[in-house]
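Listed features, source TrEMBL:
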DOMAIN    23-218  domain 'Heparan-alpha-glucosaminide N-acetyltransferase catalytic'
TRANSMEM  29-49  transmembrane segment
TRANSMEM  61-78  transmembrane segment
TRANSMEM  90-108  transmembrane segment
TRANSMEM  114-134  transmembrane segment
TRANSMEM  139-160  transmembrane segment
TRANSMEM  190-211  transmembrane segment
TRANSMEM  223-248  transmembrane segment
TRANSMEM  298-317  transmembrane segment
TRANSMEM  338-356  transmembrane segment
TRANSMEM  362-385  transmembrane segment
Amino acid sequence: MLGARGRVRHDGCVSGSARAGDRLVGIDLARFVALAGMMAAHTLTWAGAPPAAAVALTDGPPSTLFAVLGGVSVVLAARARLAVGDRAGAVRSTVVRGLVVAVLGVLVAPLATAVYVVLVPFGVAIAVGGLALLAPTWLLAVLAAAIGVGGGSAVAWGAANLPSLTRISRELSPAESLLPALTDVLLTGVYPALIWFGYLLMGMLAARALLAARAQHAERATLVRLAGLGALLAGIGVALSEVGVLLLTTAVAPGEPALARDILLQNGYGAVPVAPAEPGGLLWQLLAAPHTGTPADIARTAGIALLTIALLSLLVLRLGPRARRLLEPVRAAGGAPLTIYIVHIVLVTLLGGLFIETAPGIASGWGGWAVQVAVALLIGAWLAASGARGPFERLVGWFADRAGGDRADDRAHATGG
């Protein structure tokens, strides 16, 4: 927002002429859902085979929702600068925002030994999103579709052919580590930046549509269409996956369809295990196995993300002032996703080290998940009561502001214009 002196605030709204409702509360609630889902993915454990519904909801969709919302945030954070014609400043601030997030990921990773940290590829995707910030909507849609169709094949090829730190057993010097580390971030890691950039583009497209609809007082109709699109994409992803399972069952586990399904739909940790050029490789791209970036995986998880954003935003439109006040801790926690995420991944490692033997219910399972959510809500309550932003959001915002420089109307105020 623009404060009394015209400073940019990082929710992208403009104060003075803006209303309190200009903040997209549904987006904040969706961020909290994404965070709670990732907490579940990192804490829930099962004595036997996990319930299929739990796997379907926690293995992939939460991180995808987080990535899509990152694209929404790119558009919202740049909104005030773009509104006054500061296009270069908007690009610079977004690129630096992404780079700072990536650096935070590098710094936090050694403290988060229990989970894979998404911040480095996420930050890279945000930085590249900054370069795409001024692109026309049709071009963003083409890029998103291209990654959706071909991204899974690209990362599967990379996993089979490019160096990766996860596959090198000998100790490497810093210089030797550079190339495999770079390929891990871009293509061969658990969260390839290429796939996350595709999700980010979808979020940017959704944000542009929602802002345009709000300006035309057509927000509800647009949200209904967005929900329909999300449901359609998710349905297509599931249908494609069922076809893939049917076609590959005999090759994977003849006569054992349940075993074949488990093998085919297990977590890919970045890519399917069969490169496109190998026999049956293209059929593997039909599978919606989590964290594989296949067209089916992207359609299913991105569809769930868009559906979640739309439904929560529609819910907010129906809430009265009292209900919104009751949700303030949730909204504020969702409004500080970077802070909540960093606290979560450090807390997972800390609680696991301290209590996994003596009090496992605090470190894992539903009890561990409840502890994580409670901590997030406590932080949200503090932020809501104080009116403050999350500390890591302030840090990233400070660097983004410095990189963006003064906006046009700031310079006009300074010169009496």
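Backbone N, Cα and C atoms are what each Cβ position is placed from, and that goes for glycine too.
Between the transmembrane segment (61-78) and the transmembrane segment (362-385), fewer than three CB pairs separated by 6 or more residues in sequence fall under 8 Å, so the two stretches do not touch. Within its own chain, the transmembrane segment (223-248) has Cβ neighbours under 8 Å at 206, 209-210, 213, 260-261, 264-265, 280, 283-289, 295-311, 313-314, 317, counting only residues six or more beyond its boundaries. For the transmembrane segment (29-49), same-chain residues at least 6 beyond its ends with a Cβ under 8 Å from one of its own Cβ atoms are 57-59, 61-63, 65-66, 69, 114-115, 308-309, 312-313, 315-316, 327, 330-331, 333-335, 337, 340-341, 344-345, 348, 363-366, 368-369, 372-373, 376, 380.
Note on the transmembrane segment (362-385): residues 32, 35-36, 39-40, 43-45, 328-336, 339-340, 343-344, 347-348, 351-352, 354-356 of its chain, located 6 or more positions outside it, place their CB under 8 angstroms from a CB of the stretch. Away from its own ends, the transmembrane segment (90-108) comes close to residues 8, 74, 77-78, 81-82, 117-131, 133-134, 338, 342, 345-346, 392, 395-397, 399-405 of its chain (Cβ-Cβ under 8 Å, at least six residues beyond either end). Listed as Cβ neighbours of the transmembrane segment (139-160) (distance under 8 Å, sequence separation of 6 or more from its ends, same chain) are residues 132, 183, 186-188, 192, 194-195, 197-198, 201-202, 204-205, 270-278, 281-282, 284-285, 292-295, 297-299, 302. In this model, the domain 'Heparan-alpha-glucosaminide N-acetyltransferase catalytic' (23-218) carries an average pLDDT of 94. Long-range neighbours of the transmembrane segment (298-317) within the same chain, counting only residues 6 or more positions beyond its ends whose Cβ lies under 8 Å from a Cβ of the stretch, are 24-27, 29-30, 33, 60-61, 64-65, 67-69, 72, 147-148, 151-152, 195, 198-199, 202-203, 206, 210, 219-220, 223-224, 226-227, 229-238, 240-241, 288, 290, 324.
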